[in-house]
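S.K.: Below is the structure I would like to discuss, written out as structure tokens.
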Amino acid sequence: MNDKLVFLGLLYFVQGIPYGLQSSLLPVYLRGAGHSLTRIGFTKILYFPWVLKVLWAPLVDRLSTKRHWLVCTVSGLALTCLCSAALAPEAHIWGVAGTLLAMNTLASVQDIAVDGAAVGLLKGRGELGLGNTAQVVGYKAGSVFAGGGLLAVIDVAGWSWMFLLLTFVYAGVALFVWGAPILDEETVRGPQVDNSKRNGQGSDAVRPWRVWRKMLAVPGTPWTVLYVLTYKLGEQGAVTMFPLFLLDHHMTARELGFWNGVIAMGFSICGSSLGGLLLAQFSIGSLMRRVFVLRTISMVFQSSLLTVLEPSPLIKGLAILSMSIQHFLGGLITTLTFTTMMHCTQRAEESIQATHYSFLATLEVLGKLLFSTLAGGVVDWFGFQISFLFFLTLSAGTALHVWTATFTGALREHQLK
């Protein structure tokens, strides 16, 4: 089991690096250069490959092995970082945007392969909880490394050296995956390829509507689809905009990089880790019901801080506390969510499992991406206070949706240990 956790955690770590670069480093850089919140919000379009990944997920399911897909995508990320090292963001902003788009594309394909490997590797409820903890913690650690750690030292090390470091990180991981014995197991080498040849299921590749019918027929899928599209809406608006409010009124970019990019994300990792431990003791449904209520309460606390514009040590401390609580609960919710998604996927037939999970993961990204793209425009138009009231309403609605499902809906079956 330890080998599985290390393998998955490392792959999700390097997968989180592009997210950290774009979600933490780029907004602070652009805001410091005087760009509007609306324009900063539209940079989320660079995440668009994550929305499209469900289109090429069937190819990853059926062509070659998980090892080959992982080695090729991670090597491609190393080459992209090498190209980025030759660019100066001040003079080549479109080139930088292009490299981030390429990194998101490669990371999205890598995600399909590693998720397919995880579905095959993780057996039983205990491994599911720990495996999804490794997934979420690894991804967020990569995000912290890129968006917090590198943001804190970019003024000293410089853009080029930062991307050269990332080149060596990706190259080392590609070599690790190439020689990883854990991928020698037939269960993660793409059994769908052999099954398709034996049972004539290859026709699904040219008749995608059959795959869609199979996916939607998997028990629990309709509820899970609605849930993953909406569960982060209010939280995503707050997490995206509150740091920029602090940048405008209470903190410098360097302070924000440390407190939001490192400390708060550290709390997020702790929340994700705790989620895996709690899943071994309690049901998913009962945990989700309580945590979503706590998240709504934390957003009330954070929203109250928007009424104070004058800088003070007390307000700065309360702001750091609110970000830490929000990230902690967000990390806990993410682990519970991805465990729910994988539990749903394991009910699907083996030939569509990677595609089914990629479908759910794509919708999860789509829900966050669309709202975080529009959140800047909402704040520019209505102001921080009214916008956060809207975010709070969305969060409360999601809590009610989850609460109802634990008693009468799809989460009712998870009440039992």
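Positions of Cβ are set from backbone N, Cα and C atoms, glycine also.
Whatever TrEMBL says is automated annotation, not expert-curated.
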S.K.: In TrEMBL, one of 238-255, 292-309 is tagged transmembrane segment. Which stretch would that be?
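M.R.: Here TrEMBL associates transmembrane segment with the stretch 292-309.
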S.K.: Please identify the range among 120-142, 212-234, 258-280 that TrEMBL labels transmembrane segment.
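M.R.: Checked against TrEMBL: transmembrane segment maps to 258-280.
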S.K.: Counting Cβ pairs under 8 Å that sit 6 or more residues apart, are there three or more between the transmembrane segment (292-309) and the transmembrane segment (388-411)?
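M.R.: Since 3 or more Cβ pairs under 8 Å link them, the transmembrane segment (292-309) and the transmembrane segment (388-411) do come into contact.
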S.K.: Considering only Cβ pairs under 8 Å, which range in 40-57, 161-183, 388-411 makes the most contacts with the transmembrane segment (69-88)?
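M.R.: It is 161-183 that shares the most Cβ pairs under 8 Å with the transmembrane segment (69-88).
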S.K.: Within the same chain, where does the transmembrane segment (315-338) have neighbours whose Cβ lies under 8 angstroms from its own Cβ atoms, ignoring anything closer than 6 residues to its ends? I mean 6 or more beyond.
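M.R.: Result: 129, 132-133, 135-136, 140, 227-228, 231-232, 235, 238-239, 242-243, 246, 250-251, 259-260, 263-265, 267-276, 278-279, 284, 287-288, 291-292, 294-295, 298-299, 301-302, 305, 308, 364.
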